[in-house]
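Down below is the structure, laid out as structure tokens.
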Amino acid sequence: MAERKYFGTDGVRGLVGQSPITPEFVMKLGWAAGKVLAKQGTKKVIIGKDTRISGYMLESALEAGLAAAGLKAKFTGPMPTPAVAYLTQTFRAEAGIVISASHNPYYDNGIKFFSSEGTKLPDDVEMAIEAELDKPMTCVESALLGKASRLNDAAGRYIEFCKSTFPKELSLAGVKMVVDCAHGATYHIAPNVFKELGAEIITIGCEPNGTNINHEVGATDVRALQAKVLEEKADFGVAFDGDGDRIIMVDDLGNKVDGDQIAYIIARDALRRGELKGGVVGTLMTNMGMEVALRNLGIPFVRSNVGDRYVMEKLLENNWKIGAENSGHVILLDKVTTGDAIVAALQVIASIVGSKMSLKELCNGMTLFPQVLENIRFVGDNNPLDTELVKAAQADVETKLGDNGRVLLRKSGTEPLIRVMVEGENAELVQQYALQIVDAVKESC
């Protein structure tokens, strides 16, 4: 397959105002996508966004491009990414488009697509869009131009769907929880879901202003959530990222509960109910402690490459239903078609309520190995991982760890970062080995 020119592992993403996230390019992207999608069916797309200030500009650019290709667009306004996937299916649209850079800062943004089935676009469709992008932009005749309209009941529809995934025999009455929406797309959705199911909720990160998305709140920074859970003496806390496809939780003692632990709780609960279908998919970043804990329960486990796209591929390949990344992407294919943080939260909470155990107690069956993750920013086209210095440092650490740990070095698919992960049984040695590799990477940048 030809190499992608524009699409990364999660759509098209970058710094707003710089290629490819400019009004001109996004308008042409809308047109190119419209040209490809128009050949497939209803000529209707659902478009959602997170709360970044640039979303308004990019929304208008997309609208112009899609209209020029003859497609109708329905806009949801701020809406979680998984909500757009769900609404794309229920409205029988040809595609869903999300304007978001997920967990990134406000000055980044991106465009990602869903198929009519609410899944990531197939590779051949992405390549077809890329081919159109290299052609001159044209416009259909005036009578065939696309129209745009607002989808006014999008939030209510999605709230009801989320609630439908929570067992009818259970209630959140008596549950006190803190909800952190990262000043992002879940700010008007998640609090209502939990409140309508009976919980007492305290909210943080629910006042978006266009530039505060993911800033010191949300799934990528749970310090505010940890403090609030302790201050309010809450049963637990839930943090989402800017577009609502990542979840991190906090127990009543302020301990962070990551995507690995969340998947473990959900899988173990499904096993207890006799409803587990197959095993669990993790990634190369998944903690070895999860692999060991699942093995102890007799639950199969496999690793995919990093990225929810690859977790999904492994799930479909094995016909399994539960997959996760430790960063908080949790995919539950018996309920949704993509990572959905609110739905994942509800399944963990159902386990808490149904078992009458605390979140901390539910995590006790899994012991996390000490793991150090460092991100090193680099500039230019040269990949530091290709240097002999970095390769030698990695080989040395792997020899020292033997079978009692892992090293993973990778280039981010969405940012100019080198990610260094070292994992092992001894926390002090893991930190020391990670520093050895980080120094080599920095010297090679």
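A Cβ is built for glycine as well, from the same backbone N, Cα and C atoms used for every other residue.
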Figure out which of Ser102, Ser115, Ser116 sits with Asp241, Asp243, Asp245 in the Mg(2+) site per Swiss-Prot.
-> Ser102
Enumerate same-chain residues with a sequence separation of six or more from Ser102 (Mg(2+) binding site) and a Cβ-Cβ distance below 8 A; give 'none' if the list is empty.
-> Asp10, Asp50, Thr81, Gly110, Asp241, Gly242, Asp243, Asp245, Arg246
Where does Asp241 (Mg(2+) binding site) sit by DSSP, helix, strand or coil?
-> coil
